[in-house]
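Here's the structure, in structure tokens; my notes come after.
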Amino acid sequence: METVPPAVDLVLGASACCLACVFTNPLEVVKTRLQLQGELQARGTYPRPYHGFIASVAAVARADGLWGLQKGLAAGLLYQGLMNGVRFYCYSLACQAGLTQQPGGTVVAGAVAGALGAFVGSPAYLIKTQLQAQTVAAVAVGHQHNHQTVLGALETIWRQQGLLGLWQGVGGAVPRVMVGSAAQLATFASAKAWVQKQQWLPEDSWLVALAGGMISSIAVVVVMTPFDVVSTRLYNQPVDTAGRGQLYGGLTDCMVKIWRQEGPLALYKGLGPAYLRLGPHTILSMLFWDELRKLAGRAQHKGT
């Protein structure tokens with residue numbers, strides 16, 4: 001893998017993930033709706049306006065129009081730029097310091113970088129989730145915040161809850177991205193090395209990164225989905241005047257309530273769309289990042 005300065009990795013990582021976000025945001029809208037459907041209700045006791053992936057896409061398009069499938073895109077791009085810029089920058093610093101060469105170093109570096117990125121990007125993810133949940137009453141799931149724009153949402157949250165209100169749900173976001181980042185970066189590096197060792201493809205082919213991203217995406221979805229469901233619930237729940245959540249007290253409380261009231265499988269709600277979103281997003285992000293690093297590395301070598 002090409003070595004580039006951490007500041008360059010910040011730009012490349014943010015750019016790669018923003019590119020991926022444009023393609024995968026419609027899947028994020030569907031996944032968010034499915035994860036909020038039947039919130040804290042026993043299976044079979046609530047209406048289900050969203051049934052599976054294809055039917056859910058159609059339901060969103062009928063209710064909100066085709067552009068409704070790109071709800072929250074601006075906030076999503078802001079989140080991807082902030083979170084992944086910080087994440088790849090911190091991971092690059094760890095690589096530069098040789099920490100990823102130590103046993104378990106890739107996992108630890110990925111987790112720490114993910115935690116920092118999640119904290120910085122949390123306000124954007126909060127707004128993205130609330131915007132994507134919004135729809136007409138006939139197919140509405142979860143609490144409806146009725147924001148009009150990203151700036152309008154920012155102003156409303158700031159006015160009603162203060163600065164700390166922008167970090168509502170961060171307790172679910174940090175572990176979500178920690179496990180996802182650790183799984184993604186560790187398995188991508190290992191998968192790429194394994195594919196190169198098999199010599200099925202030219203060593204510098206973009207197909208190596210594509211194969212590595214495909215393997216990595218499976219690990220990411222398996223470990224991340226329960227935290228993703230919890231994070232969606234924490235971000236979208238209504239809060240009282242003191243900024244406290246009215247449905248959940250935090251990560252553990254949310255997990256326990258989902259388990260008890262909806263059953264353990266509810267922690268994997270929206271798994272199909274989650275893979276259809278996280279899978280391609282992981283594959284495209286890692287592919288774009290790897291290829292952009294190659295280009296930056298070559299440009300750096302030509303300039304010396």
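Backbone N, Cα and C atoms are what each Cβ position is placed from, and that goes for glycine too.
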Which range is it, out of 98-120, 144-166, 236-258, that shows up in Swiss-Prot as transmembrane segment?
98-120
On the DSSP side of things, how many residues of the repeat 'Solcar 1' (4-97) fall into helix, strand and coil, could you say?
73 helix, 0 strand, 21 coil
